[in-house]
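In what follows, a single structure is set out as structure tokens and then discussed.
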Amino acid sequence: MNSILSRLFRDVTGDEEYAVNSLRDANRLIIIDTDTGTRRLLEHVSNFRRFLNTIRSDAAGACARHQRAARHDDEEEAPPAARVSFAGHSLVLENNDFCVFVKPFLLKRHYDEIKNYLKLDRFFKSDNPEHTNMCVQAGDYCYWPNWPASQAVSFTGWQLYLYVEFGIVVESTVPIIHNRRLGPVDLFVFNPRTFLNIEMNLSTNEAPPVKLFVNGKFDFEKKVAESGKAVESLFEIKMANGATATCKMIANLVNSNKNLFEVIRDNINLEECVTTPKYRHIIDVNLTKLRQFAHDGAVLAPPVERAFRAPTVTTILSASSENAEVIQSEIDAALVKVREGMVKVMAEFNRSDDPDLLQAYFKESGFKNFHFLLFNVWKQITKRDKKSFRETDMKLFFELVCETLFGNDSDALATALVKCEPFTTRGVATFNSLCDHWHCFKGVNPYTLLGSYYGAHYFIYLKLTSSDAHECDDPWAFNYKNAMECKVPPKALGEAFFIKVENVVTQVTLVFNGEHYQIVKKDDELYKLVETNPYKLQNIKFNNWKYMYHTKYGVYNVVTDDFYSNCPFLLGTTMPGTFKRPDDPPYLPEAVFAHMLATSAEERDILRTYHIAKLCRDVKMVKVNLGTVNLLGDCAPCKLDARLRLNDLFRELWNLDDDSLVTLALYVNKLRVEDIVHNFKCGACRASVQERKCRCVQKIKINRQALKTCLIFDLFVGDPELTQLMWMLIFATNKLYINTALIVTTSKLVAQHAHFFTKEHIKIAAILHRDLHKIEFVDTLMADVCNHDAFLAYLQHAVANEPAAAPAADNAVAKFYAHYANAANILHKYKNLWWDKIILARDSDTLSSWLTRFYLRVILSKMDVQNYPVAYLTQVVEGYLYFKRYTNFNHASSYMLMHFAASLSVPTDYGRKAVYLPGVPLSGKSTFFELLDFLVLMHKFDDDTHTGASKETSDKEVSNLNSEVYTINELKKCSESFFKKHADSSKSDSKSRKYQGLLKYEANYKMLIVNNNPLYVDDYDDGVQNRFLIVYTDHKFLPHVRFSGSVYHHILTKQYPQEPMVVDALKDSVRVFLAHVVRYQREPQTGLVPYKTLLDSDPVHQHNLTRLSVNNSPMYAVIYILNIKTAPRSANTFVTEEKMQEMIGYATLHLKSFLHPSFTQYNAAKNINAGTARSFVFDEKILLQQIKDKFKNNYDERGCKFNNLTMALNKLDININVPQFKC
């Protein structure tokens, strides 16, 4: 058995890299032979699980797992003779707390000492507690065999508990089944649901401390527990921000599913972990080794300093105005009136003599509603002549308001000026638009009214803070409840908060209910509450807003990205959703967010590059598993499973494209690839010490068959001599390289056969490539090449019979250097992509959890985010990655969709675009609009056909007008007028709910169409085409698919795991991410979030537009079939009208296969049909006229020809392949 193990697992010593009790790798395990002291390394937990499964049964034949599966077989076969006996071995496994969980065990003599004190029955409820908690002897040990299969103990936690509580030192090894001191008992538990551990607490040493990990409820701020147990320190941890954290423990057993070591490994803000000397004999954590593979230059490389980023510089505009006196006069008058309004409301507080009443209100409220004063005054200043006031006038206005109010208070002045900055950066047009939101009621001084509002607000605050009798989370909350409880003077409330308005045209009365305007009747309580007469409104549109609107958190300002108190001066009847929340943590820095979006374009390359390394690691792991079942066991199903798994990996690697093939070469044999790049340059470049700008590298071409053969031998065979010979197939034409290689080689085999391989390199590459391409199981190659003589004799015989063939152009990797440079660039930018252990997939991973961890480690680790909680970073990243997964990591589509979704919080449809989401079933389309439904006001309508006629009730029509997004699900057909009406930006309409009066609304919704089948739009034209943004998805989220360990695998197969409750899991993350998009992706001047032009230059979107157009319009179909294109004047080409008509005749023969099935049904009676309803015939004259109209700038009426136009001029050149949506 020892000789077999030496072939499977390499020996390691007790040096620093493989020190005993040193936690340096979450996957590696070490087996020790206690007789000889030999330590053997298993590179992956899977190797140990395969080894354990193979030796679990000491009987002949199938392993224990497959014996259970085959118990119902009727056939009786003679059992094969056992190849190896496992009984009585001396193997033990060293502890690794990431993957070593066991049934509780300890030496019999130790158990006898503590059995009266060890109480484990409290962790289970059982019908038969004695059976569950029974402890039995096995050899020299005692263990608990009847625990549930999903329950275990952390071996490290078990060691610590026994040592701290009882002073028992347990060896840091676990005996393996059939160990002579244990017997046929398997102590290991893999992936337990819960496990016993010693109670621990990891908290920072800050004030107040931040808890990073707890697994129990003990208060560790106490030095000693009530039971007398002392609190011990286990680790001291240094953090990235300079703080420290301490891991404390107490000798209590707890049952949990939380692993401290996973927190220490995964939290990117923890940099160094030092174990207390007292416990180093049990555990010693090396964070660097735990997080990074050892590779050339990785350990000794100094930390890379982040690139210098130029500071953001904003020019400061000097204030000036020809109307300075007018502005100052209006400010002075306004402040007097505002103060008067406040004094009337606040008479109860004796503040009428306070000259700084308004200033006190602003300062104490944190300038919460300071902007209301700016809106009001500026609106009065500019109401007669807006064009005379520019940015300099606005800047002067802000400075004069602030100086007039806070000229004697420098701190308040600075704060007020900062509050004005968002408007100065956007420009005067945006500020004018903001002020237009503010409604000034006729018949009342707007400043006095604002003063009454301020006074009522201040009144509530003073009342709530004057006594403990009032319980309130936020004393500044201005709402119905606080206004009534604080008994604000009713007259002030009626005038400035619960404002009553009446539409004089429709006689509809509305009252502001503390959040938004509500239609009321005379017998409603809200109507009776307000005794003042209603303000008369005429021809007023409600919800006519762009930058400010009511929300359940107050009035939201898109420009400042902040909330004001509820106020009645915005005429809105609804509360749109917003992505920002008042209690959200601070945004990530703009540089971090910009880095996230900038990385989007190369994420597929990043994931593909990682996927190559993952495949190679899997090959090494499966090779060991195959060797284990071949050499140690007789289980035929296990052997077949391993062979099939290895063969699947081989086929995936064998079928890689050129780009991935070169990346694979860099991982498998980086030095050889660099040799190729150097030795295939021109002579001048090879001789030069300094890099030269030469195009020779672009001419490097490598025999693809030879390269693939080299990589397969390097990776699967791993024979150094054969590998060296195989690489000579590539370097065969470089005599200097071959001669140098023969001088330095110490292999007689290489020296003997090098000439043969270089001379016949083309034939050898072709033969081996053909054999590998046809091979049934790749492990047969691994067996065949073990006999060098036989293998080389076969090659010589095959070469002799192989006909000579000239090198084929299609058998060359023509862009070798471009692929090499691309891979090298990715690996340089993301240096930890191949060497970070944290991003390796774990058994507990879902696709979402792995992808988030990968992004945090690989992408965000390049940015300084150490001051942000990991939970918040995770939330932003999860929201971002949702859009990537939904589009199968299509950069352009995901980028547009995230901007479209973010634009919904700016309540105006400035895009004139409808987003159309066709796709296969289960591609995630429903999840997209379900997420939006949680976040914004959505009106959803399910119908397959829409014409111009209304299909909804009046209540639903009003709901649609009040919504932020209008979603039509499973729409199959619609009219051109219906589509344009809802896709356009101007959508005002007068509607009424049932039993309520008519009101005029400004509709701010954007249109979203979702379906599985292609959409048919009747009377499709250029106007319809220009209003579409199309994102097609053809991947699926399936319940039976499991995460493979690499997202790129799912990108390729277009099959993703279907995760349950995904909307609930993602809604907060998507919201937080979209809040960042709104914050940082707005246009500088307008403050709007752009989305309509983001796909203009995307070739996939242009193709999908063509596909939609061809499917809906005969004219577009003819243009596509005939490939009609405009040409530059210099081309001097033309097509006669006669030829055009002739080719249109040929095209009409294929039109029906291009057009939507509904086309003939809906157009049977129209003039485009030259036949009958039953027999549809296209009118070629009408089609010709449509072509003339489409290319009117090219058509020459006098010459009856089309100038500067190219097209198919015969039947053989026409395109009869119907385009399909693609992504």
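Every residue number used here counts from 1 along the chain in the order it is shown.
Glycine is no exception: its Cβ is also placed from the backbone N, Cα and C atoms.
Small disclaimer: the values here were computed from a predicted structure and weren't measured.
Taken from Swiss-Prot, the feature motif 'Nuclear localization signal' covers 692-701. The feature ATP binding site is assigned by Swiss-Prot to G919, V920, P921, L922, S923, G924, K925, S926, with sequence analysis given as support. Among the features that Swiss-Prot reports, DNA-binding region is placed at 967-981.
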Close approaches to the motif 'Nuclear localization signal' (692-701) from elsewhere in its chain (Cβ under 8 angstroms; 6 or more beyond its ends)
676-677, 680-682, 684-685, 812-818
Please work out the mean pLDDT for the residues of the DNA-binding region (967-981).
90
I'd like the number of other C-beta atoms within 10 A of the C-beta of S926 (ATP binding site), please.
14
Which is it, of V920, L922: the one of these binding-site residues whose Cβ has the most other Cβ atoms within 10 Å?
L922
Residues near the ATP site, G919, V920, P921, L922, S923, G924, K925, S926 excluded, by Cβ within 8 Å of the Cβ center?
N1012, T1033, K1036, F1037
Around the Cβ of G924 (ATP binding site), the count of other Cβ atoms that are within 10 Å
22
Reduced to three DSSP states, the DNA-binding region (967-981) has 6 helix, 6 strand, 3 coil
If we count other C-beta atoms within 10 Å, could you say which of the binding-site residues G919, P921 has the fewest?
P921
Name the residues of the same chain, 6+ apart in sequence, whose Cβ is under 8 Å from the Cβ of K925 (ATP binding site)?
L917, G919, V1010, T1033
DSSP three-state assignment for S926 (ATP binding site)
helix
Can you see whether DSSP assigns G919 (ATP binding site) to helix, strand or coil?
strand
For the motif 'Nuclear localization signal' (692-701), DSSP counts of helix, strand and coil?
5 helix, 0 strand, 5 coil
Cβ contacts within 10 Å for S923 (ATP binding site), all chains included, total 24
